[in-house]
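**Q** When I checked TrEMBL for this same protein, it listed these features:
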DOMAIN    61-440  domain 'Cation/H+ exchanger transmembrane'
TRANSMEM  105-127  transmembrane segment
TRANSMEM  147-165  transmembrane segment
TRANSMEM  177-199  transmembrane segment
TRANSMEM  219-242  transmembrane segment
TRANSMEM  277-295  transmembrane segment
TRANSMEM  315-339  transmembrane segment
TRANSMEM  345-364  transmembrane segment
TRANSMEM  385-404  transmembrane segment
TRANSMEM  410-431  transmembrane segment
Amino acid sequence: LPGLIVGVILRYGTPSTSGHDKLFSCSQEDRPFTTLLVNVSGKFFEYTLKGEISPGKIHNVEQNDMLRKVTFDPEVFFNILLPPIIFHAGYSLKKRHFFRNLGSILAYAFLGTAVSCFIIGNLMYGVVKLMKLVGQLSDKFYYTDCLLFGAIISATDPVTVLAIFNELHADVDLYALLFGESVLNDAVAIVLSSSIVAYQPTGENTHAFDAAAFFKSVGVFLGIFSGSFMMGAVTGVVTALLNVTKFTKLHCFPLLETALFFLMSWSTFLLAEACGFTGVVAVLFCGITQAHYTYNNLSVESRSRTKQARMSFTFYTLFEVLHFLAENFIFSYMGLALFTFQKHIFSPVFIIGSFIAIFLGRAAHIYPLSFLLNLGRRHKISWNFQHMMMFSGLRGAMAFALAIRDTATYSHQMMFSTTLLIVFFTVWIVGGGTTPMLSWLNIRVGVDPDQDPPPTNDSFQVLQGVNSERRNRTKQESAWLFRLWYSFDHNYLKPILTHSGPPLTTTLPSWCGLVARCLTSPQVY
């Protein structure tokens, strides 16, 4: 039935955009057409554009066709491969350590990524001017292209470092800072790149600075991010309500419950993209909301399918497998693209300038922000943590996916080729040096993530308490932003959306007794 409904909408509900009746001369056109309808002796044949063939390879049609077969549509990365990676990041988030450092994570992810983007963009604009001066620039490379490159390459993906941290059980707060920053940083980089693309000044020079266009781009950034956040959170809440209500009885059908959980999560991405928002941001916050609310309502079987259970053997769940396959496929395809992409432009000056700009952008991202954050933090971010965060700014799947999404122009082709080299270098060299760096910086390893560290004078010292006081201790340790809504969430949202928390009859006023009894599930009592 859903397939029939969608088919009817696509067949009869979408307007026709056919341009087959247009007569044109190939010599008069300055751009290729994606589809051609050719009249051959009264018979009409439809031809689809496969791509541009360079004059030097005009006779190697078979080789070009083979290379095109192993070249994926860039939208495949965004619509199929990225959603399980991002959702797993949000769904597997360790809430306690994340919220303990929420303020710092938000500062690194939002303000830090913006600072890094503009520093890299402006430094690369100077490099482009230098290339033009020495005659190594053969086509146009605008300031907005440099800013776009800054947004693309600011997307960190320390997957190798975090895997080593997880294996060695490194300090949980350092792990939370790096993991939280990388998760939100990817979302910010995507929306930031979309805002830069939307920057369109009025007048003859469409690449000059225009205050109106700048503020419009800022509005686009805020609108897209907030809209995506709301869509992801609402979808997670709806899924939680479907599982908590006594009318659905989904817990009696674990397979259906797991399938609905999976489809609702994926549909968040598609719905956000269809509405003009960013699916990655939506699916990230959907995963966080699902882990906070929906997971508590799932049956035992569905919990074991969606999140790793504590068993005597290793248990890989649905989302772990999808995340593992998607991420490994993207990294494998990076190696393939280095040799099969037919429009590589490697410029030594641009590549060297990019590495210098990334280093300076990361330094301006970490150290000044850490200094400002330490002014208001009770438990300071130590220098060895800052050095490790500086070292761990790897580039990975997200930067590659953003760069490959548009390779139509000379500047974007150069940016894509440089991004590939940066990803390979940071993953191999920086990722391989993680363990020696941990030892050199004397960062604690072998830490149980579910237990508190012993009291020390080092950074991130936590309050002491017994297990029964863990919830109150978590609230006290968390950032002030989280503490503002903690009581509201525990007293009102948890009883409505889950089978936990105090009954609403004890938290709502007495005159709301009827509503409280209707909204509180029997399991809460």
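Cβ coordinates come from backbone N, Cα and C, glycine included.
Where in this structure would I find these features, and how exposed are they?
**A** Only residues 6 or more beyond the boundaries of the transmembrane segment (105-127), in the same chain, are considered here, and those with a CB under 8 A from a CB of the stretch are 98, 143, 146-151, 153-154, 176-177, 180-181, 183-185, 187-189, 192, 349-350, 353-354, 356-358, 360-362, 364-366, 369, 372-373, 481.
Counting same-chain residues at least six beyond the ends of the transmembrane segment (147-165), those with a Cβ under 8 angstroms from any Cβ of the stretch are 113, 116-122, 124, 174-175, 178-179, 181-182, 185-186, 189-190, 192-193, 196-197, 327, 354, 357-358, 361, 392-399, 402-403, 415, 418-419, 422, 427, 430-431, 434-435, 438.
With a threshold of 8 Å between CB atoms, the same-chain residues lying at least 6 positions outside the transmembrane segment (219-242) that come near it are 187-188, 191-192, 194-195, 198, 248, 250, 260-261, 264-265, 267-268, 271-272, 275-290, 292-294, 297, 497-498.
Only residues 6 or more beyond the boundaries of the transmembrane segment (277-295), in the same chain, are considered here, and those with a CB under 8 A from a CB of the stretch are 78-79, 82-83, 86-93, 95, 183-184, 186-187, 190-191, 194, 224-225, 227-229, 231-233, 235-237, 239-240, 243, 261, 265-266, 268-271, 303, 306-307, 493-494, 497-498.
Within the chain, the transmembrane segment (315-339) has long-range Cβ neighbours (under 8 A, six or more residues past its boundaries) at 70-72, 77, 80-82, 84-85, 87-89, 91-92, 159, 258, 262, 304-309, 396-397, 400-401, 404, 420, 423-424, 427.
For the transmembrane segment (345-364), the list of distant contacts is 115-117, 119-120, 123-124, 126-128, 130-131, 134, 136, 149-150, 153-154, 390, 393, 395, 410, 413-414, 417-418, 421-422, 425: same-chain residues at least six beyond its ends, Cβ to Cβ under 8 Å.
Residues 138-142, 145, 148-149, 152-153, 160-161, 164, 331, 334, 337-338, 341, 343-347, 350-351, 354-355, 358, 391-396, 399-400, 403-404 of the same chain lie 6+ residues outside the transmembrane segment (410-431) yet bring a C-beta within less than 8 angstroms of a C-beta in it.
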